[in-house]
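K.L.:
First the structure, then my questions, so here it is.
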Amino acid sequence: MTPADLRQSPPLPPGGPTARTVLQLQGVGKRFPGVVALDGIDLDLRAGEVHAVCGENGAGKSTLMKIISGQYRADDGVVLYDGAPVQFSSATDAQAAGIAIIHQELNLVPHLSVAENIYLAREPKRGPFVDYRALNRAAQLCLQRIGLNVSPTTLVGALSIAQQQMVEIAKALSLDARVLIMDEPTSSLTESETVQLFRIIKELRSEGVAILYISHRLDEMAEIVDRVTVLRDGRHIATSDFASTSVNEIVARMVGRPLDDAYPPRRSTPTDQVLLKVRDLQRTGTFGPVSFELRKGEILGFAGLMGAGRTEVARAIFGAERPDAGSILLGDTPVEINSPREAIRHGIAYLSEDRKKDGLALAMPVAANITLANVAAISSRGFLRFADETAIAERYVRELGIRTPTVAQIARNLSGGNQQKIVISKWLYRGSRILFFDEPTRGIDVGAKYAIYGLMDRLAADGVGVGVVLISSELPELLGMTDRIAVFHEGRITAVLETGKTNQEEILHHASGRSHA
């Protein structure tokens, strides 16, 4: 059956227990060198349903969606689309059949307009030229369908992340997608933007679109998900109705054991020794003045709404942005930090919220990434001592539980949780004493989150003089892992709260600026 044949299939009925199966995987397997990514996966997706796929990083979710969307070919098993076996040769082939995917890392061209992105490589033509009037008219219809109030002529680069995601959905609708794969669609959205996305998902479901929904945010699934499938180590563990399955059951299936607590017991206790003092730091139009202290053995949280200035303050202390005024003291010693290189020399590390862009050399091996910030320590006369590099990397792989076949594995091939551990290893090997973790658990699964939390606590508790700043948009994460929480609003700290004596409501009160009303 060709993509053209598939596009001519009849409209799909609304979802439900008797809805027709649109897509079915039978015994699907996929292998890579040294890794079995999928092992005999069975899965069915029905018209008009939202079917969640959950699993730890490395469970096989990404490989699964790439097989369905034509980016990979299965080594074993069969994929059935409308009951007929298919083997898409490319993502374009799958799109032609009505299968669209919205990646977590959006696939848009910033310098092109909204309309040009929606119909990229499919623009209506008038003779040899693009018919921009027809293009913008068609794009406007797609935008109206999802309720996105932007002009089709607006450059995509000028849109917010949430608006760009809506453009991706509009693009999928322009393909007449009957199967829509969504990969971590809410990871970069605010609460109100998530509400808007869920409204669109519900409308698509009512129109008979089959949606495969991949997410780590189990708590938000109840509103939209009909069924949930759990993968672990490339195998199908269970499929069940979401309404009759508790979050704890899903987590237990994901990690292979009951997970009684979301956060490990804290071992670290702050001392009276101040590692970092920030006094009246400011950058005109961005933040400030900001003042706070970080103590040895402490995990200090930065809370606040998007754009409140938390990341900008951390980047200024790390030397990635230049403040206009204020001072930074290590202990009682003033320091001037004009670049990340100087910050690193002073023992300050910053783990970016975008680890793939700023934290890793994705095309390099695990070993090279771990030693990247301290290459001089394993070099002699300008030559790298590869045996030392390997030994050091293997030590951190063991200590941090990094799942990789060897330290020669390319970093790009590892899961998000393991990539995050590599970034942490890099700074530990450098001997950093002040660590800024910026959204460290974004896009990683519940088991990997627990491991990252344990690492942060271990760093603060090990008695080597480390202090940790945790920047997070997840209030339960801040309440579960920190000693104190500095709350930001419009570039200023509006309160510093003792974690054990506060709650989400008080944090939100200060984050919204109501404490200054």
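Glycine too: its Cβ is placed from the backbone N, Cα and C atoms.
Marked as ATP binding site by Swiss-Prot: GLY55, GLU56, ASN57, GLY58, ALA59, GLY60, LYS61, SER62. Sequence annotations record features per position, and here Swiss-Prot assigns domain 'ABC transporter 1' to 23-258 based on sequence analysis. According to Swiss-Prot, the domain 'ABC transporter 2' annotation covers 269-515, on the basis of sequence analysis.
Provide an account of the burial state, proximal residues and distances for the features listed.
P.N.:
With a 10 A radius on its CB, GLY55 (ATP binding site) counts 29 other CB atoms from all the protein chains.
Across the domain 'ABC transporter 1' (23-258), the prediction's mean pLDDT works out to 91.
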K.L.:
Could you find out if DSSP has GLY60 (ATP binding site) as helix, strand or coil?
P.N.:
coil
K.L.:
Can you list, in sequence order, the residues of the same chain other than GLY55, GLU56, ASN57, GLY58, ALA59, GLY60, LYS61, SER62 whose CB lies within 8 Å of the CB centroid of the ATP site?
P.N.:
LEU231, SER415, ASP445
K.L.:
If you draw a 10 Å sphere on the Cβ of SER62 (ATP binding site), how many other Cβ atoms land inside?
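P.N.:
Excluding its own Cβ, the number within 10 Å is 20.
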